Amino acid sequence: MIISKDLFLLGEQDYLRLPKEEKTSRKSIACRKSMPPNDSRVEHTALTFPCVLEASRPLQLVFQNICVSVQKKTILKDVSGIVRPGQMLAVMGPSGCGKTTLLDCLSGHRRLDSGSVRINRERLSKKWRRRICYVLQQDIFFTGLTLRETLDYTAMLRLPENMPKSEKLRCVDHILEVLELTSCQHTKIGDYMNRGLSGGEKKRANIAQELLTNPSIMLLDEPTSGLDSHAASEMISSLQKYAAQEHKTVVMTVHQPSSQMFHLFDRLLLLCRGQTAYFGDVNKVVDVFQDIGFQMKAHYNPADFILEQIKSSPENREKILAAARNSHASIFPNDLNEMKFYSKEHNSMVVDEFNKLHSLINKNDQKFINADDHIFEIDGKHLWVETHSHSSSTSSDSQDNEFPFGYPTGFYTQFKVLSQRNFKDARPRMLSKLNWLQTIALGIMAGLLWYKVPRNEESLHDIQGWMFFSQTYWMLFALFGALSSFPPEREVIYKERRSGAYRLSAYYIAKMIGELPLTIALPTIYHLISYPMMTWIDFRPMLFTTMLLFLLLNTIVAQSVGFFIGAACMDMNLSITLSAIYTLATQLFGGYLSNRFPPWLEWVRYTSMIHYAYQNMQILEFSNGADIICADQSKFKECTNETQFISVESILEKSGCSFPLWFNTLVLLGFLIIFRILGYLVLRYIRCPK
């Protein structure tokens, strides 16, 4: 149906307070206004998102008397404002005045000391947070992916599960076209070491990721930082057109906009030391400052002018703040000053009254008014069209069902998409020529060093040396590899989890599996080269395979430790230091360098993964490999009794191997499980988004 502009602007509360006669009069006026001339139907068209998300209706954002303090320091004090669909609000002020904190409050990511944030006169809740996108100031991406890949994966994760893949890709095409990124969609994001997108393109790509979900409210933290004046104006112009056409509510912080950019905004909130210095239309701010007593020179940038005034002197600052407080009623709109919020029972009365109004309008002309189509207007501008099937509910709750509280996709979809993305992001490392060259060279060097080692007592220490070196090297490779691969992703994961894109468990499992190919491939190549060269005299395929499996097990355990330390430590230098201490201790107490430890340090050897992995390799090699021939002057007692070969038990006992193969294997599997779980718990409860 069509609701008259007069009734819409009147508001539900004001309408209920009207006398019965006035309600009837307004109903009849609304009916007459809704009838099109010459009994012909009115046509309404709107620019909508070209996918199944077109039902995302515009929302009005209201924040009142927001106060935030940190450690007794006031960040925000009684900040209020209102932003309507299709409007862009610029939040300006000197550095440290609370601009980013305000956006955190509006997005629901920071708790308020007092005040409220409301959307369509309802308190901000998880339901509404699903309709808000928050574009951070930093451009955080997987730098090895192209722009198209980045947006495709975002669409697969953040658009609804029941939405066809073709529709999701069409949404990506639309966003690329709107933000003029089509020409660079196949360019890698890049970083300071690898060339990729320009600064302006990265900023727009950052916005594109959030626009994919077709949010009703957009919050942007200094989207023009790092851009030149021309690129910044172009970006704001694109956002202004998008907000007007798609009826988005846009709030963004800007530091020092150019004159051209400044006049693209509809409204301005000027902050000074956490307080409101001005709120209202952008075009009126200069007049307000002139009324206070500050005259702007001709052809001067208004943004520079107002920022200079609030930073000029304490006296001027107090004068501006006092004027803002005194003119609160005129600066802030009446519907914000007089806004009252009612109970659910009162709201149900509002719905009943409006339903009666709708029924009366429908009865006047059933020929051209469809009761299932609701067309809302404000100031004559088309806002949104909501179409319901005859079987659907007409309550507002039915609208909210399109934005469920849970994740947009299921666990399996999240796991599959994240695995593909992790694999693609890690592929350059997996296919790195340097990695493969290093591994092949290391395998050849180790093979030459231990080439055809004799199976006698004199060479026993050499055989054990190959085992210890292989376990130690690949432990270090896996641990520090995991350590360096996780921190670059931390900010991306933090951003995506903050927006509710996927479950942490789906990411964590996908990350573990995505890193496995590289973790397995390189040690396998090394083992394929070095072990056959060492056992050239008596090569046994079954022993070769089992030795490889236990080498890979120790490598995966080391990777688990690396993931845990990388997740727990925010500082890369600290994580490297802790990893170095742990790996050195693991080697010292591994059982090869020394078997004699002070009694008070004896327990440390049982925390060493190398201790168990090294024991396993000795048990396998000496139990299933060729026998070790005794020396002429043997150190083993059994060789003095005319025994030709050293028994496995004697070798293991002299090496300090006190546990059986199955026990060592269970301990290593325990290490793997414990460190994987600890890594997940750290991400889940300690390094979680606030």
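Placement of Cβ uses the backbone N, Cα and C atoms for every residue, glycine included.
Per TrEMBL, the feature domain 'ABC transporter' maps to 61-298.
For 463-486 (among others), the entry in TrEMBL reads transmembrane segment.
Sequence-distant contacts of the transmembrane segment (507-529) (same chain, at least 6 residues past either end, Cβ-Cβ under 8 Å): 414-415, 418-419, 421-423, 425-426, 429-430, 435-436, 439-440, 442-444, 446-447, 470, 474, 477-478, 481-482, 485-486, 489, 493, 497, 544, 547-548, 551-552, 555-556, 559, 563, 676, 679-680, 683. Positions annotated as transmembrane segment by TrEMBL: 507-529 (among others).
With a cut-off of 8 Å between Cβ atoms, the residues of this chain six or more beyond the transmembrane segment (541-565) that come close are 470-471, 474-483, 486, 511-512, 515-516, 519-520, 523-524, 527, 531-532, 535, 575, 578-579, 582, 609-610, 613, 616-617, 620-621, 624-625, 665, 668-669, 671-672, 675-676, 678-679, 682. Residues annotated as transmembrane segment in TrEMBL: 541-565 (among others).
Beyond its flanks by at least six residues, the transmembrane segment (572-593) meets 464-465, 467-468, 471-472, 475-476, 479-480, 483, 487, 561-562, 565-566, 601, 604-605, 607-611, 614-615, 655-657 of its own chain at Cβ-Cβ distances under 8 Å. As annotated by TrEMBL, transmembrane segment applies to 572-593 (among others).
When Cβ-Cβ distances below 8 Å are used as the criterion, the transmembrane segment (661-683) is approached by residues 493, 504-505, 508, 512, 550, 553-554, 556-557, 560-561, 563-564, 567-568, 609, 612-613, 615-616, 619-620 of the same chain, each at least six residues removed from its ends. What TrEMBL lists as transmembrane segment is 661-683 (among others).
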Where does the mean pLDDT land for the domain 'ABC transporter' (61-298)? 85
